[in-house]
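Swiss-Prot annotations:
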{"type": "TOPO_DOM", "residues": "1-11", "note": "topological domain 'Cytoplasmic'"}
{"type": "TRANSMEM", "residues": "12-29", "note": "transmembrane segment"}
{"type": "TOPO_DOM", "residues": "30-36", "note": "topological domain 'Lumenal'"}
{"type": "TRANSMEM", "residues": "37-57", "note": "transmembrane segment"}
{"type": "TOPO_DOM", "residues": "58-80", "note": "topological domain 'Cytoplasmic'"}
Amino acid sequence: MDMKNMREYMSWLYYQYLLITGIYVLEPWEQSIFNTVLFTMVAMVIYTSYVFVPIHVRLALEFFCELVGGQPESTVALMT
C-alpha cells in the first residue's frame, strides 16, 4: 500500500469517526475537549485492565481449581 492510499484511508477513518460520534457538528474547541475526554477515558480503561485483570484471572483460577479438587498452592509447596 503506497503512502497516498494510506493517507486517504486514514482520512476516511477519521471522517467515519467524526460521523459516528457526531462531533462533526461541534466547534473545533469543543471537538478538542471531547477528544481529550475520550482519550483520557480510553487510557484509564486500558491502564485499569492492565493492572487489575491479571489479579482477577489468578483469583478466578484459584477458585475454580479448589472447586474441582485441586490442592492450593501453599499445600503443594509444603509437601515438597
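Indices start at 1 and increase along the chain as displayed.
Glycine residues also receive a Cβ, built from the backbone N, Cα and C atoms like all the rest.
Outside the topological domain 'Lumenal' (30-36) by six or more residues, the chain places 21, 23 with a CB less than 8 A from a CB of the stretch. Residues of the same chain that lie 6+ residues outside the topological domain 'Cytoplasmic' (1-11) never bring a C-beta to less than 8 angstroms of a C-beta in it. Taken together, the residues in the topological domain 'Cytoplasmic' (58-80) have a mean pLDDT of 72 on the 0 to 100 scale. In terms of DSSP secondary structure, the topological domain 'Cytoplasmic' (1-11) contains 9 helix, 0 strand, 2 coil.
When DSSP labels each residue, the topological domain 'Lumenal' (30-36) comes out as 7 helix, 0 strand, 0 coil, counted as helix, strand and coil in that order.
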